[in-house]
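According to TrEMBL, the protein has these features:
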- 25-47: transmembrane segment (TRANSMEM)
- 41-287: domain 'G-protein coupled receptors family 1 profile' (DOMAIN)
- 59-78: transmembrane segment (TRANSMEM)
- 98-118: transmembrane segment (TRANSMEM)
- 139-158: transmembrane segment (TRANSMEM)
- 205-225: transmembrane segment (TRANSMEM)
- 237-258: transmembrane segment (TRANSMEM)
Amino acid sequence: MARGNFSRVTEFILLGLSDKRELQVLFFTIFLLAYTMVLLGNLLIIVAVRTNPKLSSPMYFLLCNLSFIDICCTSVTAPRMLMDLLSQRKVIAFEGCIAQLFFLHFVGSSEMFLLTVMAYDRYTAICKPLHYTAIMSRWACWLLVSSCWAGGFLHSIIQTLLTVQLPFCGPNTIDSYFCDVPPVIRLACTDIYTTEWLMASNSGLVSLGCFLVLLTSYALILLTVRDRVPRGHCKALSTCTAHLAVVTLFFVPCIFIYLRPFSTFPFDKYVCVSYTIFSPVMNPLIYTLRSKEVKESMWRLWKR
């Protein structure tokens, strides 16, 4: 397809995680297991919450939405990656690459906003228990979740528009297992100085801002509980530590990838595995297995 005095790229070649056949088989086994765990674990959470009237509090409503987002987020990259691990030539059409980029940032940024809302929910429940019901009403929960999706869409459409307006005339090789903004825009046949700063301001600052809000909310929770009940402080510390572990696994790689324009490293694609594959695996374990009510609901479903 001609555009000006150059030919526009119609497909991209993904190099994947490795070109060694033995490692590809190993990665396929590991990621297939991880993807299966994501699907089964999060679907089980959704069914357990939806079928148990006792799990109707805002916390479980948000947890159910997090499980749905985790399924969507992993499904954007995992199926394609698994297929490519068994293929000799890993090719993705230009339109498919842009679509993958759009949906990855759509659900990924929506998850960032939702994790921030979940931290606010816990802060309200622990630090303002008398006002919790009024603040986190059903209407407020729907409004917050809708805002997360709207914010994710706005973030993603900006990233996508900044990408598609660039001219691509070759090369067309992406050193990764999926299409993402940093490796794609570096293939553009034009100066991307301004674009990279805009990308970093969008994705990087969103990741950093949400992460700082999360850290602040958990710090306030621990300070509040410490001043009230020493035993409650230990329990809250254990819960917050577990939550911060999975949140850090998701946010720190995102900050590392998106908040540094004009630089790239060969191991960036391995860093991306943590928030596209392993973080959605950890979310059901961290947020669910520590909840007695959810475990009881799952056990009843299992017995049925």
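Placement of Cβ uses the backbone N, Cα and C atoms for every residue, glycine included.
TrEMBL does not curate its annotations; it predicts them automatically.
As a quick check, the transmembrane segment (59-78) and the transmembrane segment (237-258) miss the bar of 3 or more Cβ pairs under 8 A, pairs 6 or more apart, so the two do not touch. Taking every recorded stretch in 25-47, 139-158, 205-225, 237-258 and counting its Cβ pairs under 8 Å to the transmembrane segment (98-118), the highest total belongs to 139-158. Long-range neighbours of the transmembrane segment (139-158) within the same chain, counting only residues 6 or more positions beyond its ends whose Cβ lies under 8 Å from a Cβ of the stretch, are 58, 61-62, 65, 102-103, 105-114, 117, 202-203, 206. Across the residues of the domain 'G-protein coupled receptors family 1 profile' (41-287), the predicted structure has a mean pLDDT of 87.
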